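Residues or ranges marked as transmembrane segment by TrEMBL: 20-39, 84-103, 112-132, 144-164, 208-225, 246-266, 278-298, 305-327.
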Amino acid sequence: MKGVILTLFIAYTATSLARLPGVSVMGPLVIAILLGMAWRGLMDIPTDAAAGIRFASQKLLRAGIVLLGMRLSLSDIARAGVKVPIVAGLSIAVAMGVALWIARQLNVERRLGMLTACGTAICGAAAVVAVAPQIKANESETAAAAAAVALLGTAFTLLDLALVPLLPWGAAAQGMFLGGTLHEIAHVVAASFPFGEKTADTALIVKLTRVALLVPVALAISALWRDSPRAADRTEGRRTRLGNVPVPWFILGFLGVAVLHTWFSVPEGVKTSAVQTAYFLLAMAMAGLGLSADWVTLRRLGTRALAVGGGASLALSLFDAFLVSFLRP
């Protein structure tokens, strides 16, 4: 409970600061991440707050995403067209390929390289946690990869906020780029929010498509890793590994709310309240993300994970910039 209250306080503070001139350009979500990271670095966090912080950064994030479906209708999703799966699929392939190549060049431990590749390519720490059981990664490797991806995602969020407005793109192209490159759903929402609804909606659709690909990618990794002669453990059965792959059910919730918004007449007041609630829940999730930044683990294992993830993130950004420029009308 203490952790939830702490994220609530940080989210409220971030929302208030976002109304100030000169600060509003970042939006409450980015501010919440930065405040959370600053709190973690400068102040003590009670041990019994960890569960609440984890609840905010995971459960409230998904609840906020589900409610954001109220901003979209099925016609919006259909209008996004075939470009969405193209951007999502190629983004994952490029990011994973580059990350694994860098890991080999730097002699990074194989499991750490794979976890960082998945976190960079698909959906941040959630992908790291999902893939870890498939490759028998230990807690230190999982924590280092998750922390590195979270920090890189925050850094690239701030970088994109500064650079994207300078590019000759419309709202849809901005959304495709942000949704195709940033690590966490939270980062995508935070970076796209200041650019308006069309950018934010497109970015979210692209990002959720990447998240939906987590299951098939994790299944493929499980099969290939099990069959690899270099796999650390060849005795565990396929059934156990595959049973650990989580299905991102919140995507179905997001689509369900979008269906509700499409087929039924939702009062404007209800829609506005739902979206406002969604963004406040997301601000709490941002705060939890910042509060979870593990500086000790990063100093020990994270340098290598940061090198792999940073190189892959940069390559992905450059690739998607060319891809989006090619695909835009």
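Cβ atoms are placed via backbone N, Cα and C, with glycine included.
Note that the structure is predicted; figures quoted are calculated from it, not measured.
In this chain, the transmembrane segment (144-164) lies close to the transmembrane segment (305-327): three or more C-beta pairs between them fall below 8 angstroms, excluding pairs fewer than 6 positions apart. With a cut-off of 8 Å between Cβ atoms, the residues of this chain six or more beyond the transmembrane segment (305-327) that come close are 83, 86-87, 90-91, 94-96, 98-99, 102-103, 106, 108, 112-113, 115-117, 119-121, 144-145, 147-149, 151-152, 156, 167, 169, 173, 176-177, 180-181, 183, 298. Sequence-distant contacts of the transmembrane segment (246-266), counting only residues of its own chain at least 6 positions beyond either end whose CB sits under 8 Å from a CB of the stretch, comprise 62-63, 65-77, 126, 130, 208, 211-212, 214-215.
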